[in-house]
Each structure stands twice: as structure tokens, then as C-alpha cells.
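Have a look at the structure below, then the notes.
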Amino acid sequence: MLVASSSGVPWDSQGTGCGAGAGGRSRSFRRSTDFGSTPQRAFTTSTFPSEEEVRRTGGQKLTTSWPSQRCGKRVAWWPAGRSACGAHSPGGSRSGPPCPELDLLLALGPTPAWEEVDQVLGPEFSFWRRNPRLATVVLSGLAKHRLPEIALKVLRSMRQAGVEVNTFHCSATVSACEKAGRWQLALCVLGDMLGMAVPPDKTSCNAAISSMSKGGQWQLALIILSSMPQKRVLPNEISYNAAISACEKGGQWQWSLSLLHHMPDMAVSPDKISCSAAISACEKCGQWQQALRLLSQMPDMRLVSDEICYSAAISACEKAAQWQLALSLLKSMPEGMVLPNVISYNAAISACEKGGQWEQAFSLLKSIPDMRLIPDEISYSSAISACEKCCEWQQALGLLDQMTDMALHPREITYNAAISACARGDQWQLSLSLVSKMPTLRLTPGQISYGALISACVKAGHWQRATSLLDTMLGTTIMPDAISYNAAISASANGDQWQLALSLLSNMRAAEVSPNVISYNAAISACEKGGQWKQALTLLDQMVGTRISPNEISYTSAMLASSKCGQWQLALYLFSFMPEMMLTPNEISYSAAINACEPEGHWREALDLLRVMRLSALVPTGLQAGSAANSVRKALGGAAAVALLQELRRDVWLSGSCSEPSEEEKQEELRDRWPSNLPPLRVICNAPGVLAISKPAGISSEDALALLSSQMGVKLTRASRLDLPTSGILPAALGDERSAAAQWLQAQFAGRLVSKEYLCLCAGIPRKVQGEVSSPLLVVATGPNSCRAEVSPTSGREACTRYEVVATYRAPGHEGSSLSLLRAYPLTGRTHQIRAHLASIGLPLIGDPIYGGPPDEGSMDPEPGHLEPEGAKEVQGLHRWREAPEWCPRLFLHCRRLQLLDLDGEPLIIEAPLPDELVQVLDTLSLETELDANWAGQG
């Protein structure tokens with residue numbers, strides 16, 4: 001009896017074999033180890049399966065009937081598979097005289113009534129009774145034309161007219177069903193053969209197995225194969241090939257290998273088609289080891305691998321991202337006297353694409369013509385996709401142009417890869433151009449096209465354009481998916497548009513697009529950046545209500561939102577709640593919790609968090625330690641904060657966990673390789689773990705250190721930064737960002753234990769010689785790569801700048817316009833802090849293009865109480881210097897002095913004198929008062 005295993009595959013519950021030998025003995029399919037590990041399964045020699053058996057093995061109840069009656073009293077259920085060689089009609093094709101009755105039947109159309117068929121054939125039945133082969137010719141012709149319904153009506157007419165219906169007639173009809181992809185009708189014919197006592201033969205069974213294969217009915221294909229010996233029909237290679245192909249299409253690689261292994265037991269020799277189908281089955285299921293093993297065993301079966309076998313094996317390696325093996329197989333094909341075809345090359349190129357090897361993919365594409373082959377659309381699409389994954393957008397666009405030269409028509413997937421390549425390469429304009437060009441090529445931009453373009457705009461900081469593209473999608477038939485919505489929400493977050501982010505999240509539900517954890521995380525992040533902690537917590541609650549499990553990012557963003565708004569207790573509660581949600585806090589989570597303790601000086605909680613980090617085998621970073629140290633400094637003073645960092649420096653950062661070679665070795669290496677002069681960068685300090693340069697104006701801090709690192713051949717990590725137009729001391733740690741030196745310097749800056757002194761020239765005169773500005777600052781984006789700091793008592797972050805007047809000057813050619821030379825001491829490290837703070841009290845820096853303009857152009861209204869009456873009158877006059885005047889070619893802001901601790905814990909003072917261009921500016925001015933005569937000679 002046939003039963004179904006737990007996997008839904010039929011097997012023999014009585015342990016009988018798959019087929020009977022010549023003497024009637026049944027032989028079972030034994031478990032094979034030759035082609036990998038396959039389950040213990042066997043086929044039976046039972047009767048044709050019953051309706052109940054087929055239902056258990058995945059079949060469906062068939063109600064297909066003959067034109068006037070059902071297919072017998074019981075429907076025989078048969079299974080499916082692809083015949084690798086193709087089932088053939090017993091009658092063959094008629095190459096002799098024309099067949100008028102076939103022509104008449106074809107003239108009736110694809111679905112004639114039975115009466116019409118019977119009327120056409122009526123005069124012929126007397127001849128068919130004497131020569132049944134005439135009916136076979138007609139039925140075979142109908143099979144060639146894929147007309148199974150007419151073939152069934154012919155059989156009905158024959159039976160009613162008393163014409164013998166034999167095996168050849170039924171086989172031709174089954175073949176018609178197979179060619180037309182009507183596996184249900186094929187089963188119906190086989191079932192009716194039993195009722196007519198017409199025995200099936202190899203042709204009918206093979207055609208039925210092939211029909212099941214085309215219909216995706218691999219279980220039914222196996223049942224037919226197992227039933228053939230019991231009906232005294234021995235399977236041949238066509239039978240097995242069709243069944244193996246059926247299993248391959250059904251993703252049943254174990255069955256494919258089992259069938260291949262047991263073919264010799266049935267005196268059937270596997271051929272190339274058998275092996276290629278089995279290899280393809282392994283390929284589709286990701287069993288690349290099995291595919292390679294089978295390919296290597298083909299010579300033992302006296303079979304020569306062909307390009308189909310090799311291509312399937314290469315494709316198996318491709319799906320497993322085994323690009324080296326794929327290339328090795330491709331190169332070995334000529335050694336086996338097999339020439340690769342385009343399919344072989346395409347599989348190898350795709351393997352390189354999945355492995356991130358764009359250069360290998362590019363090389364393979366260029367070598368295809370050397371084999372007298374022509375690359376096709378798939379070749380180019382795979383190579384472009386390889387370039388996309390490696391951000392090689394120039395190469396991707398070049399290949400796209402080559403397709404036009406080759407008269408190849410790119411597909412949507414090709415353009416999507418090129419669009420994504422440009423997006424990854426920060427070329428959003430090119431991505432937009434490609435999307436705009438697609439309709440001219442009769443290509444429709446889809447979700448992937450727009451999603452990649454929106455992501456490109458997000459990455460470039462163009463949040464307005466990103467959200468506009470989403471609106472464009474909504475105005476077309478292209479419905480945005482979750483990826484597009486998520487990118488637009490992220491764009492809103494980057495643009496500080498938290499209301500828009502919440503609106504987009506709401507629109508997703510209205511558009512029946514299910515938000516996921518990424519959607520909510522982006523919206524929570526938008527609320528965090530906008531200082532909306534209540535909204536962030538509401539979203540966190542909504543996630544649980546919608547059965548979306550918050551992750552570490554969700555909680556961390558909510559913690560950051562809470563801490564920024566002074567809700568430190570709430571932030572710590574969220575942190576403590578994470579383990580209950582089966583979430584392990586990561587470094588970012590700890591940073592958010594420690595930062596929450598910093599503004600209010602909750603040093604005990606901060607130290608507890610550092611201790612828990614170390615117990616959790618997490619190494620506190622310099623920023624985390626510095627934040628905790630700042631809490632300690634506020635409560636206990638600077639000495640206690642330094643003691644905390646010294647302990648971490650000694651016990652954690654210098655213990656070997658953060659440094660590759662020892663710091664002493666790095667120092668020796670640096671001294672040996674240090675160039676004597678590095679124009680235009682001047683190294684002004686080389687101490688244990690610390691390097692400092694005098695950065696000129698006009699070069700970014702990142703570019704300056706990258707240039708220095710390249711010239712010196714050592715890794716440098718920025719510990720602080722100077723604005724692009726600012727000159728002066730730029731310190732760096734010797735080592736990468738995980739090194740002990742980097743952690744030590746970053747901890748000092750984050751703990752506000754570094755003393756910094758700037759010199760700046762301002763328009764106006766302060767009321768007092770010394771002063772302090774402590775207005776909170778909020779940094780807002782003004783463009784993709786630009787921002788400004790604004791005073792924001794509600795949403796701004798803590799910021800404090802002290803200043804003292806060094807001297808006052810009179811500007812040349814402007815009577816009544818007074819200038820002040822100030823020392824500025826930033827106690828915090830906010831973006832544009834000195835410039836924004838001094839502008840907010842009516843003392844904008846000379847040559848400041850952002851904060852030196854009139855109020856309607858971006859400058860800040862002066863706060864009362866900071867300017868002398870004369871200076872207040874001159875505020876309007878200072879606006880003429882929003883851009884650098886002729887006598888001052890740049891922003892007058894210079895970092896002159898820095899004091900910190902080197903990696904040995906020793907005090908280190910670094911000084912950089914005013915650059916020549918700023919000294920010349922002061923020489924141009926008329927000195928009015930000089931409060932500190934020694935400032936010019938310092939440094």
C-alpha cells in the first residue's frame with residue numbers, strides 16, 4: 001500500500017521494492033551514500049494509487065470526465081515529472097499522404113462540440129475498425145497540435161462506434177495532454193484506461209510523468225514511476241529522467257539523487273540528462289557540495305559532462321556565493337573537452353556578483369567574445385549588479401552604455417542595478433536621470449527603481465526630494481512598498497521633520513502597507529532628533545500593540561529622545577526594561593543611558609553603568625567614559641573625573657584589549673618614520689599617544705588628518721575637530737578608533753577635561769571685559785552638507801562659552817566701527833559654538849559667512865546686556881563684514897592653546913601662534929586699547 005511520509009513523499013509501508021525483475025522478484029531502492037546523504041525511502045510495486053492515496057500525497061480530486069461520462073467508476077491518480085527526453089507518440093508523425101480527417105478536425109477549432117467531432121469521423125469508423133492505426137495517426141496529429149480536448153472527444157466517438165481503443169490510442173492522447181500542460185486530463189486518461197482494460201505502456205506512462213513534471217506534481221510523478229513495474233511496464237531512462245526532473249522542479253534534491261542512484265538496480269543506465277537534472281535539483285536547493293560531488297562522479301558512470309552539467313554546477317556555486325569554485329569550474333571546462341556557453345559564463349558572473357567581486361565579473365564579461373560567444377542581457381545585468389554591490393557606479397554606467405552599442409535592450413532589473421550603483425556612490429542626480437530615461441526605452445520604473453532613488457536622496461541629505469519622489473509614486477500606478485516608505489521616513493528624520501515622519505507612518509497603514517520595525521525605528525529617531533520624547537514613547541507602545549517586536553535600536557532611540565529632553569529617569573527605566581524584552585543592551589544603548597545621567601550630574605548611576613558594561617565583557621569607549629566623567633566632574637570636581645579616567649586608561653584601555661601592538665612600539669615606529677617636514681601641514685606636537693598639527697584654514701579636519709596619515713603611514717584618529725574656515729591646533733590619537741590612545745583622548749574631550757583657548761576678532765565691544773554665554777544650541781541642517789547652530793532654550797543642548805577681551809581696534813576706513821580681539825574658552829564642544837554664541841550676543845566674528853549677516857540673512861539678534869552702548873549702535877554696521885572684508889581674507893578664529901593629558905597621564909600643553917595672515921590683519925587695524933600686552937608673544 002502507498003502511504004505518505006511525514007515530508008509528504010510517498011513510500012512503501014511494506015518495504016517492497018520499486019520494480020519487479022524478469023522473474024517477478026521485486027527489488028527495493030536502497031539508501032545511497034554515493035550522492036550524499038539521502039533519506040531512507042522506497043517505491044512500491046503496488047497497484048495504481050487510489051484517490052485517497054493521492055490526496056495524502058498532494059494530489060487533488062479530479063472531476064474531469066469524458067464528453068458524456070466520468071472517467072470510469074474511479075479516478076486513477078497519477079503523478080508528475082518532466083520527461084528530459086520528451087514523451088513520444090506511438091503513431092509518430094504522418095509523413096505520407098495527407099490526413100483529411102485530421103485537417104477537418106483542426107478546422108473545427110480548439111474546442112468543438114462532441115457532435116461536430118463525431119460527424120467528421122463517422123464515415124471513417126468503418127476503416128478504423130479494420131485498421132486501428134489510422135486512428136493513431138489522427139490522435140498523434142492532435143497531440144502535435146496540443147489539442148487534448150479534441151483527442152478525448154475522438155476516443156469517446158470511437159468507443160460509441162465500437163472502434164477498438166488500444167494502448168497506442170490512449171498513449172497518443174496522454175501525449176496530447178502532456179504537450180498542452182494538462183496534467184489533470186492526463187491522469188483522467190490513465191484512469192479510464194483501467195476501466196477499458198487497456199494496459200498502459202512506457203510511452204503513456206512516460207508522457208504522464210512528463211505531464212506531472214510540467215504541472216509541478218512531483219509526488220504524482222513518483223507514484224506513476226513506482227506503479228509501472230506492477231503493471232508490467234519497466235521504466236526506462238526516459239521514465240527516470242522525467243521523474244528526476246519533476247523532483248528537481250519541486251525542490252526535492254534528495255529524491256533526485258535517490259532516483260539517480262537506483263537506476264542501475266532497475267537495469268537502467270543514467271545518462272547526461274539524468275545527471276544534469278539531479279545536479280540542477282541540488283543547485284536549486286543550495287546543495288552545492290552535492291552538485292560538485294555528482295559532477296565529479298560522472299566519469300565513474302562512464303558519462304562525459306557537457307555544458308549543461310557544468311552550468312548547473314556553476315550555478316549551484318553561484319547561489320552559495322562560492323565564486324572561487326565557480327571560476328575554477330569554468331576554467332576547467334576546456335580541460336574536459338567541454339566549451340563553456342553563455343549560460344556557463346552568466347552563472348560564473350553571477351557568482352562573482354554575489355561574492356562582491358566586481359573586477360572578476362567585469363573580466364569574465366570581457367572574455368566572452370574570446371570564446372566566440374555573444375554576451376546577452378543576463379551577462380550585462382549580472383556584471384552591472386556586481387558593480388552596484390561594490391559602489392562602482394562609473395563601471396556600471398559604462399556597461400549600460402555598452403549594451404546600447406551591442407544592440408541589447410536593458411531590462412528593468414538592469415536599470416535598477418545601475419540606479420542602485422549610482423545611489424551607493426552618492427550620485428543621486430545620475431540615479432534620477434536613469435529613472436527618467438526608463439520610459440523612453442519602454443521600461444517602467446517600479447518599486448525597486450524608486451526605492452533606490454529615494455534612498456540615494458536620503459543619503460545625500462535631500463529629504464525634500466526624497467519625500468517628493470514618494471508623492472510621485474502615489475500619483476502613479478506604482479504603489480510604494482515598505483522600503484520606499486522607510487526611506488522617506490528616514491529622510492524626514494534627517495531633515496528634522498518629525499511631523500512628516502509620523503504622517504508617513506500613518507499613511508503606510510492607510511495604503512495597506514504594513515509598517516515594520518525599520519519603519520517605527522526611523523519614526524522614533526525622527527522624534528528623538530526633534531526633541532519629541534512623548535511621541536517616541538507612544539510609537540514604542542504602538543509597536544507592541546501591532547505585534548512588532550521592538551529591537552535594540554527602538555529602545556535606544558527612545559532612550560536618546562528621553563535623555564535629550566531631561567527625562568533621565570525614563571531613559572534609565574527603558575534601559576533596565578530591555579532584558580525583560582529579551583534584548584541585550586549594546587554599546588549604543590549604554591551610551592544613551594550614560595548620556596542621560598550627564599546633564600544632571602547623576603554620577604553614581606553613570607558609574608554603575610560603566611561597571612555593568614565591564615561585567616558584560618563590553619569595553620567602555622572614550623565617549624562613554626567621558627560622559628560618565630563629566631557627571632563626576634559636575635558633582636565632585638575635575639580631580640575625581642581625571643582619577644576615573646586614569647583608572648580606565650590603566651586597567652582597560654592599556655591592558656591590551658584596545659591596542660594591536662603596544663603603544664610604546666607605535667611611538668618608536670612613528671619616530672623612525674616621521675618626515676622632517678610635511679607641508680602644508682605642520683606637526684607641532686608628538687607626545688605619547690598624541691599627535692597635533694597646526695591646521696590651516698580652508699581644509700577640513702578629516703582631510704587634514706587623512707593626508708597626514710597617508711604621508712606618515714600610520715593610523716590617526718580625530719579626537720576633536722575644527723570648522724573648515726578655522727585654523728589652529730588639531731589633536732589626533734596615534735592609532736585607530738579602538739586604540740587606547742583614541743579612547744583616552746576622546747574620554748578627556750567628552751569629560752570636558754581639556755582646556756581650549758581660541759583667539760577671535762569680533763565686531764563690536766562687549767560691555768564687560770569678561771563674560772559667559774550659556775545659551776543651549778540646536779544644530780539644524782541647511783543643506784545636504786551644511787548646517788548652522790541656533791539658540792534654542794527648549795530643544796537645544798547644553799553649551800557654555802567664556803570670553804575675555806584682549807584688545808580693541810578700529811576698523812580701517814570705517815569710523816565708528818569698533819572691533820574686539822577676544823580669548824574664547826569653549827567649555828563644551830558643540831558645532832559652531834563660539835561663532836553662534838558670540839553672534840547671539842551681538843559680537844559676530846569678522847568674515848563669518850553664516851553668522852555675520854543681517855538678521856534676515858541668518859545672523860542672530862544680539863542678547864541685551866552684553867554690548868557697550870557704542871557697540872550696540874554699531875551692530876548694523878558690522879553686517880557689511882558678513883563676508884571677509886578686503887583687509888581680512890578669512891574667518892578670524894584660531895585655536896591657539898590646548899591642554900590635556902598624554903597617554904602616560906602626564907600634562908601636555910600644545911600651542912600654535914596666530915598664522916601670518918591673521919597677524920597681518922591685526923597690523924592693518926588701529927589699536928585702541930590693549931588689556932593684555934603679553935598675548936601676542938605667547939605661543
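Positions of Cβ are set from backbone N, Cα and C atoms, glycine also.
Bear in mind that TrEMBL entries carry predicted annotations, made automatically and left uncurated.
The compositional bias 'Polar residues' feature in TrEMBL is assigned to 38-49.
The domain 'Pseudouridine synthase RsuA/RluA-like' annotation in TrEMBL covers 715-840.
For 1-66, the entry in TrEMBL reads region 'Disordered'.
The repeat 'PPR' feature in TrEMBL is assigned to 166-200 (among others).
What TrEMBL lists as repeat 'PPR' is 201-235 (among others).
TrEMBL lists 236-270 (among others) with the feature repeat 'PPR'.
Listed as Cβ neighbours of the repeat 'PPR' (271-305) (distance under 8 Å, sequence separation of 6 or more from its ends, same chain) are residues 34-36, 82, 84-85, 237, 240-241, 244-245, 247-248, 251-253, 256-257, 259-260, 263, 312-313, 315-317, 319-320, 322, 325, 329, 336-338. According to TrEMBL, the feature repeat 'PPR' maps to 271-305 (among others).
With helix defined as DSSP H, G or I and strand as E or B, the repeat 'PPR' (306-340) counts 26 helix, 0 strand, 9 coil. Taken from TrEMBL, the feature repeat 'PPR' applies to 306-340 (among others).
Taking DSSP states H, G and I as helix and E and B as strand, the repeat 'PPR' (376-410) has 26 helix, 0 strand, 9 coil. TrEMBL lists 376-410 (among others) with the feature repeat 'PPR'.
Sequence annotations record features per position, and here TrEMBL assigns repeat 'PPR' to 411-445 (among others). Applying DSSP to the repeat 'PPR' (411-445) sorts its residues as follows: 27 helix, 0 strand, 8 coil.
Per TrEMBL, the feature repeat 'PPR' maps to 446-480 (among others). If you look at the repeat 'PPR' (446-480), the same-chain residues 6 or more away from its ends with a CB under 8 A from one of its CBs are 412, 415-416, 419-420, 422-423, 426-428, 431-432, 435, 438, 487-488, 490-492, 494-495, 497, 500, 504, 511, 513, 781, 783-785.
Residues of the same chain lying 6 or more positions beyond the ends of the repeat 'PPR' (481-515) and with a Cβ under 8 Å from any Cβ of it are 447, 450-451, 454-455, 457-458, 461-464, 466-467, 469-470, 473-474, 522-523, 525-527, 529-530, 532, 535, 539, 546, 548, 780-781. The repeat 'PPR' feature in TrEMBL is assigned to 481-515 (among others).
Residues or ranges marked as repeat 'PPR' by TrEMBL: 516-550 (among others). Taken as a whole, the repeat 'PPR' (516-550) shows an average pLDDT of 92 in this prediction.
Proximity of distant same-chain residues to the repeat 'PPR' (551-585), defined by a Cβ-Cβ separation under 8 Å and at least 6 residues beyond the stretch ends, is recorded for 517, 520-521, 524-525, 527-528, 531-533, 536-537, 539-540, 543, 592-593, 595-597, 599-600, 602, 605, 609, 616, 797. Under the heading repeat 'PPR', TrEMBL lists 551-585 (among others).
Among the features that TrEMBL reports, repeat 'PPR' is placed at 586-620 (among others). If one looks beyond the repeat 'PPR' (586-620) by at least 6 residues along the same chain, the residues whose Cβ comes under 8 Å of a Cβ in the stretch are 552-553, 555-556, 559-560, 562-563, 566-568, 571-572, 575, 578, 627-628, 630-632, 634-636, 644, 648, 652-653, 657-658, 798.
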Tell me the residue counts in helix, strand and coil for the repeat 'PPR' (481-515), as DSSP assigns them. 26 helix, 0 strand, 9 coil
Per DSSP, the repeat 'PPR' (516-550) contains 26 helix, 0 strand, 9 coil
Tally of DSSP helical, extended and coil residues in the repeat 'PPR' (446-480): 25 helix, 0 strand, 10 coil
